[in-house]
Amino acid sequence: MGLLSDPVRRRALARLVLRLNAPLCVLSYAAGVAWFLALAFPPLTQRTYMSENAMGSTMVEEQFAGGDRARGLARDFAAHRRKSGALPVAWLERTMRSVGLEVYTQSFSRRLPFPDETHERYMVSGTNVYGILRAPRAASTESLVLTVPCGPDSTNSQAVGLLLALAAHFRGQIYWAKDIIFLVTEQDLLGTEAWLEAYHDVNVTGMQSSPLQGRAGAIQAAVALELSSDVVTSLDVAVEGLNGQLPNLDLLNLFQTFCQKGGLLCTLQGKLQPQDWTSVDGPLQGLQTLLLMVLQQASGRPHGPHGLFLRYRVEALTIRGINSFRQYKYDLVAVGKALEGVFRKLNHLLERLHQSFFFYLLPALSRFVSIGLYMPAAGFLLLVLGLKALELWMQLHEAGVGPEEPRGATGPSPPVLPAQSVGLASLVAPLLISQAMGLALYILPVLSQHVATQHFPVAEAEAVVLTLLAIYAAGLALPHSTQRVVSAQAPDRGWMALKLVALIYLALQLACITLTNFSLGFLLAATMVPAAALTTPSGPRPVYAALLVLTSPAATLLGSLFLWRELQEAPLSLAEGWQLFLAALAQGVLEHHTYGALLFPLLALGLYPCWLLFWNVLFWK
């Protein structure tokens, strides 16, 4: 305490901090980026292992042999769907009852806030069909779910056939201690969300649906299945859920273990896992997979039906069958045996999956990075904001303190204004106007779509996107607006107080985002921190302005799309990237209102107003 109470020592400490601030910021930022890039390399990446004792062994005998039955049911399902033009509800009910399930249906409808041009739908309605296999050896207190989504773009008939064949096979077994729900949903994720809300008796998205007539026990785990053909060359696993949620790592380890047992090729992000981690090639390939996972998790989108189960504390995966030009191919029997093994091991659970990790990154299916190893990367980036805020605070509150000059130097030292000359009134206008712009960005695009379509030749979805871009660009005029509001008596160094508030505001937001969705927090910190630290009214203003624009949230989204397609080995042209960017804006707003995705409100109500504060600092008069 003596160091802080003694004015001489405090002034010496302030000079030290001011002198070393810039090198420490550069070193901290470089350390954060380097730490993140090193996550795919041993020893930061570790081998996966099973933590749950009840699932520690794969010593179960898979007996599924219904491949021909699955293919026949898939053909019948596809024929009835083509004939009816929708989900063949009556055929599904009849088929599920024939194998001994309790069959129920659920109708639902949802009016989207604006037309979804990607799937060409606005007024959405459909029917979910589900059958319950009651556990013969226990009360209906716990259950497992096998679900198949059927959307307008993909019938997923092979997955429906395999689901029905597995239901018939499971019906003949007597060892089940949990109910098993076989669920076929219509309208992709909308049907899944409608069923989950009705099952848990909640309504969080405004979905209109009929109540469920039949229920099983509390859902412990779920597996979503998507197959594109009768044969597969690999099974791709999707783990990223709504708002960056991830399933318990033990569930992923369990599925990978049964794939290895059956000789099935399993991929993550469409990438094969490296075999050699001792050379540089293996970790570099793992880094590509890790970057793809970071980009997908940062989007906050549910990358499969499993992503909606995670909201209800149900551990879930989405498994997609891929039929490519690889040499080895597997039929539905091999896939069915892997699913049978997974469900038999989940049947042994005595409690919910909780012993393994819920926060992790995956450079490969057999490797993971735990939260304790990847969080320092974000911590180093956020340290830059703390150092710059400390520098500004000392400049504002320590009169006469500045960086020590070398001995013998001549010339006047830069004056430092005393603390009382900084008026807090000068900060009110920028803060209020910035938050008002963020509120307008969040509310007006959806509310004003009908007005825009009446006065301009655009569709509703285009009107929403164009309104977003117009409000976003209008924020560039914020400094001129605030300068009219701020009185002429504002101090010359009011921008320092405004930047101090903006730095603290940005650091708090990024810290909270990083704790819940590391990928999103790290991407935003990696892009916004350098511009936030460098922005000042003095210096090369055009360079700082260009840096601020290139690191804005919208530019970060655009750059992430180009990087994502580059890592998928499908690079975009500028025109294609812009079209994908506009579609991503529309989907982001739509998924927020439809499923509750939080990326759009986070950017509109939090990060965009904060970015406007730095833009105001740059053009402070």
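Glycine is treated like the rest: Cβ placed from N, Cα and C.
Quick look at what TrEMBL lists:
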type: TRANSMEM; residues: 20-41; note: transmembrane segment
type: TRANSMEM; residues: 357-385; note: transmembrane segment
type: TRANSMEM; residues: 422-443; note: transmembrane segment
type: TRANSMEM; residues: 463-479; note: transmembrane segment
type: TRANSMEM; residues: 500-523; note: transmembrane segment
type: TRANSMEM; residues: 543-564; note: transmembrane segment
type: TRANSMEM; residues: 571-590; note: transmembrane segment
type: TRANSMEM; residues: 596-619; note: transmembrane segment
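In summary, the transmembrane segment (571-590) lies against the transmembrane segment (463-479): three or more C-beta pairs, each 6 or more positions apart in sequence, are under 8 Å. Beyond the transmembrane segment (543-564), the same-chain residues lying 6 or more positions past its ends with a Cβ under 8 Å from any Cβ of the stretch are 291-292, 295-296, 298, 472, 523-524, 527-528, 530-531, 534-536, 571-572, 577-578, 580-581, 584-585, 603, 607-608, 611, 614-615, 618. Against the transmembrane segment (357-385), the recorded stretches 20-41, 463-479, 500-523, 596-619 differ in Cβ pairs under 8 Å, and the greatest number is found for 20-41. For the transmembrane segment (500-523), the list of distant contacts is 36, 243-244, 293-298, 300, 359, 361, 371, 374-375, 377-378, 381-382, 385-386, 388-389, 392-393, 396, 427, 431, 532, 556, 560, 599, 602, 606-607, 610, 613-614, 617: same-chain residues at least six beyond its ends, Cβ to Cβ under 8 Å.
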